[in-house]
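Structure record follows, encoded as structure tokens.
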């Protein structure tokens with residue numbers, strides 16, 4: 001049964017932001033990325049498990065498939081998603097604590113300098129609660145938000161791949177939340193795209209292309225081969241596709257997901273994110289032709305000021321202009337049930353400076 005939360009790529013051109021305001025698709029994708037980065041930083045500062053942060057990020061994207069970014073500031077929605085996730089994911093945080101951290105991020109101050117009884121914190125609490133009401137309605141009280149990370153763990157367990165591939169795939173899956181992939185494809189498709197892209201990045205420019213890695217059948221399958229008593233060697237480059245036994249329709253979705261990920265990476269500032277550079281040099285699958293959705297920020301039309309939920313004096317310090325990218329939370333797979341807290345705390349240690357949203 002088709003989920004109500006999975007949309008065709010063409011739906012990105014028909015979102016409320018695009019249809020009811022001056023937002024372009026590129027501008028909305030840019031602000032979604034900034035909103036998720038703000039959300040990630042809130043979750044990290046509050047010490048939330050990454051699973052709760054990913055759930056909140058999924059709700060963020062779902063919300064803006066039904067509401068315009070012109071009407072609801074991305075940071076208000078991000079804070080409400082985080083607060084709701086602390087309740088549904090059983091990692092409760094006080095509303096006042098969420099508001100304090102949010103105010104600290106907005107103003108660029110240390111949270112210890114934000115007084116819990118300040119008017120700004122009190123107002124942010126009201127904003128978060130009011131936005132949460134709209135969020136609950138938009139979500140239809142459907143809080144289930146499956147993650148591609150669980151699928152990646154299955155892939156890692158099924159095939160002992162190079163640890164570099166696992167780290168790359170895990171990081172790409174994190175970055176996927178800065179794109180709307182979670183409302184376009186099921187987790188299995190996203191995980192496969194992350195895995196295939198990670199393999200290609202680690203294997204290098206002279207390895208099999210993305211087209212070969214996701215083709216319906218191995219390129220040599222139709223060639224006659226001499227008889228042999230040795231079993232055929234598994235093709236590691238096609239492991240994800242063969243593991244899930246994807247049909248042609250699924251392979252087309254993996255191709256589209258790869259194309260979107262590479263388009264997202266193509267507009268990153270590689271000087272501040274050198275690990276992204278190998279990804280920007282990978283050619284997208286030729287089977288996924290479509291108009292580009294992402295543009296470098298310098299080419300993204302700026303929308304008029306949003307209807308802010310906080311006083312005008314507070315909005316001037318909101319998320320500054322910057323690139324699409326952002327700091328990546330923990331890259332290490334959560335295989336080790338013995339050390340869950342270590343995996344949860346890792347975002348703070350591994351944060352990079354791709355995007356300054358503090």
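Backbone N, Cα and C atoms are what each Cβ position is placed from, and that goes for glycine too.
Caution: TrEMBL annotation is automatic and unverified by curators.
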* Structure fact -> Per TrEMBL, the transmembrane segment among 38-60, 61-83 spans residues 38-60
* From 183-208, 209-234, which range did TrEMBL mark with region 'Disordered'? -> 209-234
* **Tally of residues which DSSP labels helix, strand or coil - the domain 'Cyclin-like' (37-144)** => 75 helix, 0 strand, 33 coil
* Under DSSP, the domain 'Cyclin-like' (150-263) has how many residues in helix, strand and coil? -> 74 helix, 0 strand, 40 coil
